[in-house]
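Here is the structure we will look at.
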Amino acid sequence: MMKFTKQNFIFLLGGIIIYVVDIGVDFWVASKYLCQGQYSWSLLILCFRGLSLLVTQIFSYEWFKNDWEGTDTGKLKWIFLVHVFQCGIFIRYWFALKYGCQAAFKQNSSGDTPETDSPSLLQKQAIDVVTDINMLRVFKTFLETTPQLCVQIYILMEHGKCNFSQYVALIMSFGGISFSTVDYQISLRKSLPDKDEFPVLSKLTYLFYKLLTITSWILSITLIMLLSVRSSVILLILLWICGFTWTLKQRTTFCKSKKMEYLYRAVVGIILIFTFFNIKGRKTKVCISIYYATHTVVTLGILFVYMFWKPSIIKEISFTVVSILTILSLALGIIFLVVYYRHFHPTAYCRPHACSDEVDGEAGQKDRVKICRFQNFIMQ
């Protein structure tokens, strides 16, 4: 069983700091746009923030309700109130700090330690609560951070100038994507039985694969926005419909209620606009090949459209730089993808009995939710 270490606790503290700073940066950038009279950009930045906040609070409360089923309803009412005020993530961070500190710094407890505070139980509690946070951060990354990054790059290319707050927002966005993707993969490895720790080389390979392919696609979307914002919106809607339809076909079983399951599938549809995720833990060689082949064709198609529709723009240095970055990051990202899947990818996601949809009575159902929530989440 993998352990929650002091290094994990430090990363947890870093995640809290980044989360709080990110909130401040969003409002800072939005206020800058507001002061400059760019009300639409300010509203768009806040809408992305509001959407991710609303979705993560809904899932967070639903998970609390599932985990605390049959316990004191007074606690659930208090938790519900906290989530209504959009602060549920801070409750989860509090639990993560509590269990994480105990697991990381009290591992050498004496033999007379109560069973409820045993090292193995503390380890499981810490890993479970951090895993929930990382799942919520995946939602936030693709509902807020990535769309905001598209908008920020579009504004930079369209107007040719960028103030300090926008540069900070760009750095925070790229940092947020990097941090959440690596943390997500670490949590995935920790949730898998009989898997070794995620080695540094594997982390870097996975990080570069995700970051480079996402960057290439963000730049491609930005180029479409420069041609026509309406066309880019239509393309994104079509891609979401394709992703949502695929998740329906996969018949995912992440949530206990049908309404929450459809919300989950809708969110995964948005995630699939920007990057590929395996939502059933099955072999996806064909699907992932089709996905990135489509991205490659669309990216090259966009560049050809510029060549024949707006040849004057090709002479601009900014377009040349963005085009080179788009193609280069896509090519390097696919190379890292191949290396990761050939050398570092887990061969199995979970044991058949651990992730079975069958539940042995009501008592077993509660434990099954705790064990399998992440194992029914988007895999890789």
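The backbone N, Cα and C atoms fix where each Cβ goes, and this holds for glycine too.
Keep in mind that what you see is a predicted model, and the values were worked out from it rather than measured.
So that you can see what the record holds, here are the features copied from TrEMBL:
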{"type": "TRANSMEM", "residues": "9-29", "note": "transmembrane segment"}
{"type": "TRANSMEM", "residues": "41-64", "note": "transmembrane segment"}
{"type": "TRANSMEM", "residues": "76-95", "note": "transmembrane segment"}
{"type": "TRANSMEM", "residues": "164-186", "note": "transmembrane segment"}
{"type": "TRANSMEM", "residues": "207-227", "note": "transmembrane segment"}
{"type": "TRANSMEM", "residues": "233-250", "note": "transmembrane segment"}
{"type": "TRANSMEM", "residues": "262-279", "note": "transmembrane segment"}
{"type": "TRANSMEM", "residues": "291-309", "note": "transmembrane segment"}
{"type": "TRANSMEM", "residues": "321-341", "note": "transmembrane segment"}
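In this chain, the transmembrane segment (291-309) does not touch the transmembrane segment (9-29); fewer than three CB pairs sit within less than 8 A of each other, excluding pairs fewer than 6 residues apart. Within the same chain, residues 23, 26-27, 29-31, 33-34, 76, 79-80, 83, 86, 88-89, 91-92, 132, 135-136, 139-140, 143-144, 147-148, 151, 155, 255, 257, 260, 263-264, 267, 373 sit at least 6 positions outside the transmembrane segment (41-64) and bring their C-beta atoms closer than 8 Å to a C-beta of that stretch. Proximity of the transmembrane segment (321-341) to the transmembrane segment (207-227) is established through 3 or more Cβ-Cβ distances under 8 Å for residue pairs spaced 6 or more apart.
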